[in-house]
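Per TrEMBL, the features are:
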- A:37-163: domain 'Nudix hydrolase' (DOMAIN)
2 protein chains.
Amino acid sequence: MKFCSECAQPVSLLIPPDDNRPRFVCEHCGTIHYQNPKMVIGSIPLWDADGESRVLLCRRAIEPRYGYWTLPAGFMENDETTDEAAMRETMEEAGARVELHELFSLLNVPHVHQVHMFYRATLLDLDYSAGVESLEVRLFSESEIPWNEIAFPTVSHTLKQFFADLNRIKSEGGCYRLHTRDLRKPMRQDT
Amino acid sequence: MKFCSECAQPVSLLIPPDDNRPRFVCEHCGTIHYQNPKMVIGSIPLWDADGESRVLLCRRAIEPRYGYWTLPAGFMENDETTDEAAMRETMEEAGARVELHELFSLLNVPHVHQVHMFYRATLLDLDYSAGVESLEVRLFSESEIPWNEIAFPTVSHTLKQFFADLNRIKSEGGCYRLHTRDLRKPMRQDT
């Protein structure tokens, strides 16, 4: 941020009175430009048939991570709820209609100023199709998931926890639980 | 938003290519200025003593809702996790040290572009004190809570659900669960 979005004068990075961290401040009109984390919301669309549980993944047609697989997810928009964001992204990226269930995972990614959330969902039919941000959309059983080609750690972690819960519920009963985790920037390996 | 924060030229409200909603776009440098919901994160600090369960509330020293009571909470900052935000706000507003537990409530407030989240917490000692944004800080048992003087519906809802879970657990056992709710703008009563 270089200029004030209210009056077009240059902004300064300084700690406002009664605050404790640097903000972009316009010393001309007094506006403080706060910057806050964003939410990335998605779903885990499940299709149960012929004794097999499969999850719908999208292969990304955009950067970052072009060509890698992800759960349908994207930035939450103003004027919508987290549930609405999850259903909208599932429709936009995978052309998929789902019944949404409860929040399954909440993952902090503080170094990119993001919080990712994934909702459990049941796919309502097989009429899905790739949206403009996806190259293809496909159902995967646990053994078919391309673990080395998953776009983001928040998606790998959510899928692993999801299948762990699913397998436990199938064998022992019980229910899904909320999984929370902080995914910090990996330490660089100096060689 | 009136001007581009990157080049100071006036912005236009228009739907960018491959998008489906209006954004503030700079037609001079091409920057798209996305606006997204913000997270308000807080805690429910519990103090159990002499057979009574009490929760720490803060009386607001700032607008909106000056003089009304709230759970310690505030906007999540960049570079922190949701847990860290909850503990920081509890310290800043109530001067209170807590052990943080799991996420208790997630409340969508779409008309103000906010998602509120409250974590269960145990107060570690009674050395709390009002921060600069609080007039006073006090422990309340369920029967003492000033329901008509609670600052925000997300706080009332969280407190009601919290004491309902607490009473159920005391009488029947079991555990707390995640409470989610959408709190939409109340319809205006035309008289």
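Placement of Cβ uses the backbone N, Cα and C atoms for every residue, glycine included.
For the domain 'Nudix hydrolase' (A:37-163), the DSSP counts in helix, strand and coil order read 33 helix, 57 strand, 37 coil. Looking only at the domain 'Nudix hydrolase' (A:37-163), the predicted model's pLDDT averages out at 97.
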